[in-house]
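For reference, TrEMBL has these:
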type     : residues                             : note
BINDING  : C:HIS97, C:HIS99, C:GLU104, C:HIS144 : Mn(2+) binding site
BINDING  : C:HIS99, C:GLU104                    : oxalate binding site
DISULFID : C:CYS22-C:CYS37                      : disulfide bond
DOMAIN   : C:49-196                             : domain 'Cupin type-1'
SIGNAL   : C:1-18                               : signal peptide
6 protein chains.
Amino acid sequence: MIIPIFFSLSFLVSSTNAADFCVGDLNGPVGPAGYSCKKTVTVNDFVYSGLAATGNTSNLIKAAVTPAFSAQFPGVNGLGISIARLDLAVGGVIPMHTHPGASELILVMHGTLLAGFMSSDSKSVYSKTLNEGDIMVFPRGLLHFQINAGKTQSVAFVSFNSADPGIQIFHLSMFANDLPTGVIAKTTFLDTAQIKKLKGVLGGTG
Amino acid sequence: MIIPIFFSLSFLVSSTNAADFCVGDLNGPVGPAGYSCKKTVTVNDFVYSGLAATGNTSNLIKAAVTPAFSAQFPGVNGLGISIARLDLAVGGVIPMHTHPGASELILVMHGTLLAGFMSSDSKSVYSKTLNEGDIMVFPRGLLHFQINAGKTQSVAFVSFNSADPGIQIFHLSMFANDLPTGVIAKTTFLDTAQIKKLKGVLGGTG
Amino acid sequence: MIIPIFFSLSFLVSSTNAADFCVGDLNGPVGPAGYSCKKTVTVNDFVYSGLAATGNTSNLIKAAVTPAFSAQFPGVNGLGISIARLDLAVGGVIPMHTHPGASELILVMHGTLLAGFMSSDSKSVYSKTLNEGDIMVFPRGLLHFQINAGKTQSVAFVSFNSADPGIQIFHLSMFANDLPTGVIAKTTFLDTAQIKKLKGVLGGTG
Amino acid sequence: MIIPIFFSLSFLVSSTNAADFCVGDLNGPVGPAGYSCKKTVTVNDFVYSGLAATGNTSNLIKAAVTPAFSAQFPGVNGLGISIARLDLAVGGVIPMHTHPGASELILVMHGTLLAGFMSSDSKSVYSKTLNEGDIMVFPRGLLHFQINAGKTQSVAFVSFNSADPGIQIFHLSMFANDLPTGVIAKTTFLDTAQIKKLKGVLGGTG
Amino acid sequence: MIIPIFFSLSFLVSSTNAADFCVGDLNGPVGPAGYSCKKTVTVNDFVYSGLAATGNTSNLIKAAVTPAFSAQFPGVNGLGISIARLDLAVGGVIPMHTHPGASELILVMHGTLLAGFMSSDSKSVYSKTLNEGDIMVFPRGLLHFQINAGKTQSVAFVSFNSADPGIQIFHLSMFANDLPTGVIAKTTFLDTAQIKKLKGVLGGTG
Amino acid sequence: MIIPIFFSLSFLVSSTNAADFCVGDLNGPVGPAGYSCKKTVTVNDFVYSGLAATGNTSNLIKAAVTPAFSAQFPGVNGLGISIARLDLAVGGVIPMHTHPGASELILVMHGTLLAGFMSSDSKSVYSKTLNEGDIMVFPRGLLHFQINAGKTQSVAFVSFNSADPGIQIFHLSMFANDLPTGVIAKTTFLDTAQIKKLKGVLGGTG
């Protein structure tokens, strides 16, 4: 007799899926913990193919960052994890940047990268040439960089322990907005001419 | 003169109740941290009588799990705690299961239970017969079980450090849905005949 | 051929048990996250029988709190969960107290309790008479109490979402130490005579 | 040629601001992690001038607490930090209180304060006279107080590691609401006459 | 004049590196938050080459898991992140397993995988065929699996939001230790003959 | 009869102080959660006078940061809170910097400051002139700065929601160590001459 079995089953599973995941509803309210949860989900909410293609490296940095954060891949919302793809053409560079509050782990897929970070004692630089299959960890919030150190296109993947780690890129934060030249000069010790030159290149004003 | 006193009082308590609790509004938006907060609450939001009655054990497992998670008892929403009642008839069993990300603490109220968990080194089984008044802790996320090991009805209460710990029951996750038999066979080493037999009993397809 | 199988098995399980639990070594160093981990454990580290016996209620409050926190039950160390037993004789009371930073969930086993908490807006009291099988949640850090409201011995169990929730009991913190009477008077608005009387009863000085 | 540069820039910064902050929308839904996020923000959302003025100390405690919690200063919503200003006239006192789940750090700006907290072992009082420039930390959830110990108006600032720490003031939680006198007497050991007197002063009933 | 500059510099950086990272000292005390910190570190503590080589898939599952958790790669200790390499020969499978409390994000490097997880409502299976460059997220603590669904060797990398996520593999936890056959039968509904057969293959007793 | 009272008291307070605080033992083992706990503490462990004196601003930046982090003030260890004093002479500046993973709240005590931060979208600058009594919050991990914008010495206090927030100062991380000039040029777009000039001033090599 099967019916009593099903009674017991449905009884046992009376807690909702909310315990399991919270696929982000990009149109719903957002709170400090992330997007609100979509009501209906399928497996496609948990799979993303946006990192399969090579990023366009025809730009100033000869590199591209393709993120799969909660805004692009809402399946990670609330799960505290995300990933991004790095493509670096020959001579390409992922400029000096930080992720506010998230640690990063890089995995080199193709090519050779020079990667490094600086600790907050200002004295210490931790940098090394990474080859295919190497991994390196960049502790949360510290300045770090990656440079294509080889003679071929390079590909790497960077994981984060946050669904939305953010990327704060130093030269863009300084030179691509309206932060006044005088303020930059005082707070970075850079020369005014240097600042104005880079604001010109990067579209900044002030 | 009382009036200036009240001025000072209302001044001192200008922070809202939001610091204290967030009773779940089951009809409002849900986010990674739980339900949104009900606007008006009474003491009845913090009290629940749903665990007072014996669960119905007339089923396949001769047992019942009665949860007081945030879906049943919205007062625990956001507080990181919940509880459930276990009833096990003679011969009853709470099958092999996990709670994703929550630790569990069992307290035996009546009867005798054999309880145990396996650590992730695969080599170690931690199981013991528990009597009235005994407690046992099951570390977060590990497979565990409880079996009525006595000759009387047994009652236990299990606490969790999550308002919504979830319950993933192995045999239901395998045999009560449409996970294909071939996939189950490959990933569990179970024989196809065994799988098909249990899918038949538990209502699974595929 | 079985041997290659075992090679693969030991390979798959190369992560240690540290991922699973950290039974407290009460003699090792203690840090902000709890005790350091015992190196060798058995099932007995995860089971505790210290709550099975009725607490001794022959005292001023006609009640007893028997904790199974990490100091008494090191198996919960690092797992963010613990429990305690409350025994209240007729007329017994668990006095006004808080648990710094932990939420509490009470389950009434025997008898009838009047339980309540005050929210931090000072205006609101949430109290109710609880019967056998009732549960009530006390949000983290708020003042609360339990009183035997019936004509029989009462037993309850209180769960916490911390392995070491602490108990700060108001009358002991005020009157059982050397906090000066003048300081107490100024900060609580109690009369000096009242304070001195209770210091006499509870062994306080100053 | 500037255009390809901007393509790369906008590509690099495709993650949203949600990674950075979540200024509280006081009219939106509230969840366990705080208010939902305002959609448009300016620098004024991150600056608050409400602590610049001296609080009104013409009241029973000759003191004032001016909070900049998430309800008053929504810029801290989700950031786990807040601050409040304390003004104490000569003879002023911040009465015995707790912050549920938040630690506090006091900085004395002007004057002399006697400050202290009690640990949960009931035996230990940690109190000291603080002068201008001194800081003291009050661990999360513990009873503490501050008294103007000098002959001049005193000012201090208290920081919290929560955007909404709450304030539970003992005498208000006891005597300014409808918690019955008999319950207070049983749970605090205070005399009925004392309780009724303070209920009269503080506007309590019951 | 350079000397006063250096005074100011050393003053500004008086906080230690402990804020930045805590490379695990595998020989020091272990606590709930991980290993204690090595006193001296170099860049080599943050780089690991152990995932560069193909794992040995000459085993029962025709697959290998090569972890870079804190025990193998102490640089991730305390940083809440780690990674592992999966190699699956043709016909290979990563069996049904969970990671207690950690979410996982898989990236397919080579080949084609069928991957899936079951949510805790028992009804829902989320599985899909993944191709090179695809990613999929497996929410914390849920049962999941990966199967080589193609005709070539497959490689994938799995990231975790924990430095020590653990791996609990169902068939090993059931059949490779001394959990008694009768207990397994009662808690999984598997037939005794099936259990004994797998215990024989996998080295279990009882 | 007083004796039974004391039995009950000591029974009620059987949990240790470890629930309350963990004053750092700077000579003991350090773990991811901070220093291990001192065994014996006094009130002096919770009070610090090191912020009372004006910092020495006779340096390149005409400013001083005086921290009370866990290394200087071990009482905050494990409590998730700390503070620092900023002194800025006329023309003084706290250079562009981040705190990895901690949010900051500034309170202006004396003088006038221009303060600001950049969000991670690179486009947005949030800066404002702050006067005495103003507060401003700098979200976790984002670049920010403070400049004395007035004609007098300025003093401010900055609170953090971490006992060890760290300070990563951009110009020191770039120019005061051995990070090669070529790497800096590629990752920041600064000119080589600019880099070499600042390395000369700040003592960097490479």
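Backbone N, Cα and C define each Cβ position, glycine as well.
Here the binding-site residues are C:HIS97, C:HIS99, and the one with the most other Cβ atoms within 10 Å of its Cβ is C:HIS99. Ranking the binding-site residues C:HIS97, C:HIS99, C:HIS144 by Cα distance from C:CYS22 (disulfide bond) puts C:HIS99 first.
Fewest other C-beta atoms within 10 Å: among the disulfide-bonded residues C:CYS22, C:CYS37, that description fits C:CYS37. Chain E comes close to C:CYS22, C:CYS37, taken from the recorded positions C:CYS22, C:CYS37, C:GLU104, C:HIS144 by a C-beta to C-beta distance under 8 angstroms. Same-chain residues with CB within 8 A of the center of the C:HIS97, C:HIS99, C:GLU104, C:HIS144 CB atoms, the Mn(2+) site residues themselves not counted, are C:THR98, C:ALA102, C:PHE117, C:PHE138, C:LEU142, C:LEU143, C:VAL158, C:PRO165, C:ILE167. If you draw a 10 Å sphere around the CB of C:GLU104 (Mn(2+) binding site), it holds 26 other CB atoms from the protein chains shown. C:HIS144 (Mn(2+) binding site): 23 other CB atoms within 10 A of its CB, across all protein chains. Helix, strand and coil residue tallies for the domain 'Cupin type-1' (C:49-196), in that order: 22 helix, 56 strand, 70 coil [DSSP]. The separation of C:HIS97 (Mn(2+) binding site) from C:CYS37 (disulfide bond), Cα to Cα, is 31 Å. Restricting the average to the domain 'Cupin type-1' (C:49-196) gives a pLDDT of 97. Secondary structure from DSSP puts C:CYS22 (disulfide bond) in coil.
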